[in-house]
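Okay, so here's the structure we're looking at.
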């Protein structure tokens, strides 16, 4: 854009516009780059808008701009996708050091001099977006797509510079008691390192010459001489010139000596080794020189000693490890593309061609691995297989899985129902690829379960088997009238019906017949005329014959449906006259005396009417049909068979939820039965109620057994197997995922197959073959003789041998095969000794003497000198050359000690997990007899731990134990139902269980019991209220009271018979005892009556009372009427023909309502233990006075009935926690010792349900392992540095390697044992031998490391500034001679971070004044005295004395408060009591103001004043020697008082007084300070 703006400016200049033929009047502009779109990765494209802008600011066409200047509108970019989150991440470095803000960008940071606590700074860090796999840096936009860029800069605090803090000096070392000038030294160590630009540490060593030197006797030198041994040279082979060089003179290795020594070279013969391992033996030398105590070299003869140190030795020529070339890369472990973007790996290896010899470089790694198929390369691979869980269909629901073994219902043949458990198989399969997912589902073979992600689906669940319920029927209805069948023909039937209340379920069969019929011949028409009676109108006068008009209607249907002709509308009638006989209307027909007629019985009905004189009676026959009841009976429906007529129908109709394969037909037989269950001809039963004999049905599909294909054969070992191992087998299995049903194909018998692995490679057998040792090879004679002038070839050397590899058939093989297949290679080189003629020689050791059976016995072996050694005294020294070795004989007496606690009771049982179905049957042992184990440690008589088999066969103490079995609460079976508590209406019936066994040992608790240890169950019940009823017969004729009455009329009495009958259907009206009927409702047995005399008014009986409203409102009246049957002859009035009364509740008016009982408890079937049940409640009709009445009263009122009288409910199944079997015991956590433990586990198959026993918290059991002895190599402490053969120089520190037996915890009680028990020796280099240097007298050398200092934090205002603290240690140099102090090494400081540090502060400490002096020092808050760098003295200004103090105290306290002024100066104090500066006392100008350093003694001016005020109770001085503040106040008051007295005297005397006393010189200065803070 800068170039475009320049061009626009040039075009705007008119002077240039004429000369620029190509000048454009428009410039291109571009917008911001848009988001990267396209394919993921580097294939993305980024675009932006480019437009052309006229110089005046408006947009113009692209052609007006120079096309060469057009910016790009597209560029390649890296498209970031969500899965890149797994490939890229922010790489954030640690925060850099905090620097001051003005110098945060690279400038040199100055040290501030005005720091109080801390300074503000900045610290930076580098942030890059990297690819995870190879850690390469990529564009930051990739990582910013997912997470914001971490900050690269943050504010920080820089504490004030902290100077180095060191400890106090140690006491001076003792002077050596030798003549001459001796030095002594003292050292100190670093306590806290310099930080944040603080001063460096001072010298940690001080040296001085001993004050009392010891003069040397005359003629003796004051120097001492030491034999200094140098380091060994590199191992080298003899050169040819060294072999031929004879008689050549060589200088001694001592540099300052001029002595010469000559030697002759003998012939040296190379020893050639057999292939493949070529070991060369060479030699190495070292210098030995004599050094003087002042560090200079001296002649070797001045350091003569008895044994001359060895200056040559044989060595192994260093040879680096040689390896073969790398093999080809193995195939990538990831050969497919998965969504997790994780790379694959491949590896390669190489073999060792030659092991390292001597000090050669060790072998590098022989295997390496690298990532492969990374990033975009993986996308080109085919997708990786995916795995998912599959399940078989649920197996049949089993109730017995919930029952205990002792439950008798397990062995009943009756089918159980209700809640149960069903199981299924859960297996893992390979999911088909995305392209194959559109294909029909294919049953795939199972694979290993570990390949499936996530938790496996549940393999068990609760289920329910529906309990069969019986058919529940209503009562029979009353017999209907005798009617035509379909109103046709002469044959008729009387019928009664009942209906199904609860349909049967399960295998309980079908309901019985619902319709019964009785043939009849007295046919009633299907529809009959209903006649309304009119009023009789006499033809003449008020009485006599007349006509009655009536209306007729055909049974509420059209009139043409009535088969009979309509009755006449007018019929003759008669109204009685005053003297006529009056006869009442006929009563209704009574009920029939018998329900049917037979040979011995005949049914009758009667009706009556009363004559005013004598009553009359009429009878007729009824129920003259036979007593035989007929009904249709059916057989069960047959199987569903194919119906060819409906095969074309759609077969997807599904009535019962199961797969169907077409519509079939079911048939059954129909029989006509009579009441004694005897089959009769079908013609006798009515055709209208004949049941169906055929119905359509759905044919269920055949279900063949479906099994998965066999899984892959388990893999055979890919590695070779040793010949003595058992045959390895491989297996495969398949799973039933659908059982056969509906006559489908059955499942196969074989679900598991096993076979032996074929072509399993056997491991090759190789072994090392060692050859004879070569001769002992010494240092070449030329070297040996040239150095020491020794002609005898003897001493220590090395010898080698060839080691080859052979196969099991003794054929030669490549050595690499043995390194791969057998134990480590035997040693190729060993030390050897060629005895010199002056060496002591001995016979070989004899065999050990035999041991006796006594544990106190010993065994020994001997050797004796041979040859000349027998006569040499030194060879007879048994301390140097022992000739007898004695060892203690092994003792076979062992003692055992128990270790650890007893294990938990371990029950015997299987090792693996049982199949799921078996597990629920309780086949695993959770309680019973078992064994407890306790480990023992076995020791021999010496207290050494040995194998436990010496004390016990198993290594345990075993003790029988028992795990108590939990017993659940046990109740009896339910008792029979008690009778209903109500004889009429709704009541309750109960049944009970009682306690048989209480629970214990964690069994399921009992339900809540009453005081009698019983539990009850109550359900509502209903008793018919009209079971027994009163029946009355017609009233007897009215009997006149006065029989003398000639007219036989007037008042009298009449009676009737009353009896109690069984009103139920089965009772058939049989008379029973009167006591069974309700006595409170006993009808009136006698009543008054009137037989009217002639000419009296005769009234009819009272009609029914009119109905009261349902509300029984007392303001509403009910009425009844009667009419005149005969008018009186005279003017006598007839009585009232109507009556009225109030509607009074529960007197003449009643209300009715439905009454619901409470819900019953959940009722299960007798064969169910849990699952789905039914809760019931009963409905009754109750009158307002509380009496239960027939349901018809409530039904007539159309009251709203409750919706449900029964509901389904669930009784929760009680399922105990189901556990798997215990797994096998694991391997011991430790191979030896006391700390080893084994464990076994089990898992939860199904959690507890309901009130079942909960799962135990302990799913893991532990037990101690058998205590086996541990054998370990123990390294001893390093010995002091020793120089073999010399007094100083290069030497070695050694430590011992010991094989000990212990119990897993190495301690002082560990016993030393044979080295063979510890196995292979650890590498010796750097472990048993450590090069060191022993300084010679006069050498300047470093001390050992000091102890690590306490962990200290950097703190600001008493608060920690850092999370981690600092610890330091140091090494300083020791000067033994001032002449060579320039060659001293630098002192060394080491600092390390630490945790748990503390904040320390530093304060000045002073002693009491004594003899005008006191000691001043700096102390850390934990009581450690410290020292440090001395601050440079500051320049004196205006006579102010210089102050010097320890800088370590400066950052933490003011050092001026502890410094005193020299004599001639007075102390000027600040208001806070700290020394400000020193002021010269007037008259002492020749002295300079100086302040004593803390290393010296401070002598204050007023030091003698301490003695003056020593006995005072009120001390004017502080412990540090300063005056207290109140002294200044008293002094000021005294001064003012003196001035006042002087002024008063002057006024009184008016004479000057020249003898006026003056104060000391320092007093005015001190008093002048008061009130002047600035001073």
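Cβ coordinates are placed from backbone N, Cα and C, and glycine is handled just like the others.
A TrEMBL annotation is a machine prediction, not a hand-curated record.
Here TrEMBL gives transmembrane segment for one range in the set 1501-1524, 1525-1548: that range is 1525-1548. The stretch from 164-213, 969-1014, 1340-1399 that makes the most Cβ contacts under 8 Å with the domain 'Spondin-like TSP1' (1217-1270) is 969-1014. Confidence annotation: the domain 'Spondin-like TSP1' (164-213) carries a mean pLDDT of 85 in the model.
Helix, strand and coil residue tallies for the domain 'Spondin-like TSP1' (969-1014), in that order: 0 helix, 17 strand, 29 coil [DSSP]. Taking H, G and I as helix, E and B as strand and the rest as coil, DSSP gives the domain 'Spondin-like TSP1' (164-213) the counts 0 helix, 18 strand, 32 coil.
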